[in-house]
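The block underneath contains the structure these notes are about, expressed in structure tokens.
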Amino acid sequence: MIWYPYEQMKTMKPPYKVIDAKGIYLYTKDNKMIDSVSSWWSNIYGYKNEKLNEAIINQVNKFSHVMLGGLTHDPVEKLSNKLKEFLPGDLDYPFFSDSGSVSVEVALKMALQFYMNKGEENRTMVLALNHAYHGDTFKTMEVGDDEDYHFVLEAYGKSKYVVHIPTEIPALEKAFEEYGDKLNSFIVEPLLQGAGGMRMYDISFLERARELCDEYKVLLIFDEVATGFGRTGNRFVADLVLPDIICLGKALTGGYIGHAATVANKKVFDAFYDDEPTHALMHGPTFMGNPLACAVSLRAIEIFEEENFMDKIKRIEEIEKEEMEGFSHPKIEEVRVMGGCVCIELKDGKDIEGFQEFAYERGVFARPFLKYIYSMVPYVIKEDELRKVMRTMKEWFENK
Ligand SMILES: Cc1ncc(COP(=O)(O)O)c(C=O)c1O
């Protein structure tokens, strides 16, 4: 029996069986539906994208995988060069891994060892945000803050290595005053907290965080696994406020295959780069720098630039805002829109029950969770298709 994610296997509804996918559509035996969540926010270029298919097929015909330990290859070198040019500032040193969670693990390990290499072994703490989600591996659960996903951690009691704060500047300043000399890093999902409830906050918080990180010599980590590649309406939030380390995943490969990168700036890299063997970063996932993933990621970034994906996301945001303007209902707590993310937060989680089937019947695949009905559409969606997704979300509240 397949063990499905985030499900009580005994009571779960059978999942829809996909037999084909093209553009923004998923096909089942008897339905065609818009993927309104882009396969967990990753497939921004559409399914069966000809250019991405070509890139991966060409690479399959050469070789699918070789390890990166003691070997290297064109796809990983080209992607690394492309990221250097594509990412802001001196975020020039990518460490590749196989998933977003692992990219965050690597970032946190880098931040800890950054200070160990400098002989400051007391900097063992990490500052993180309330409602944070950074993945489901153990350290990412610890910096995360979500009792609905990660209650299993309760068995360990409260962590002495992580402090959580709200996205408010006074709380930020207080945390730095109190813990500044013990922190190695401050990790955030910048501007948009995804799995913690599509919570949106202001850039001024991150600007102040950057100042405080500089003042207290703390590394700023942006987990842009979900926000990267345009989702917030910015290419990267890192274009607005520059972190020391950025984590990329999901849309990095166009949603084609699991892969991720933890990209450090020169300051971080230099703390590892010397004659002392123990200063090396001791990490090495088997599939890091996978040639298929690198080839498809490289092509995806080229498409992002050549086909002006930022224009697409801006247009998506305009339409979403227009559709959601003034929309409210007694059962709704708040409607939020940022870039390519729309979230309707309900007052009571019970009121999302049945929405997935309702959307399915209207040709939209949705995956509401807790008390959130949301969309994160592929950027290749057309205007009428996007309006259909928005209207499906709104129609759910008719007759309620
Ligand atoms: C902000 C953020 N970080 C990390 C992850 C984990 O990525 P993955 O599922 O590829 O391990 C996610 C997944 O949703 C995420 O939203």
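Note: Cβ is positioned from N, Cα and C throughout, glycine not excepted.
Within 10 Å of the C-beta atom of Lys250 (substrate binding site) sit 28 other C-beta atoms, taking all shown protein chains into account. Taken from TrEMBL, the feature substrate binding site covers Trp40, Tyr133, Lys250, Gly284, Arg367.
Residues or ranges marked as pyridoxal 5'-phosphate binding site by TrEMBL: Gly100, Ser101, Asp223, Pro285, Thr286. Under DSSP, Thr286 (pyridoxal 5'-phosphate binding site) is assigned to coil, being neither helix nor strand in the three-state scheme.
As annotated by TrEMBL, N6-(pyridoxal phosphate)lysine applies to Lys250.
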Among binding-site residues Gly100, Pro285, Thr286, Arg367, close to ligand 1 by Cβ (under 6 Å) are Gly100
Keeping only the binding-site residues of Tyr133, Lys250, Gly284, Arg367 whose C-alpha lies within 10 A of that of Gly100 (pyridoxal 5'-phosphate binding site) yields Lys250
Under a three-state DSSP reduction, the secondary structure at Arg367 (substrate binding site) is coil
According to DSSP, Asp223 (pyridoxal 5'-phosphate binding site) sits in strand
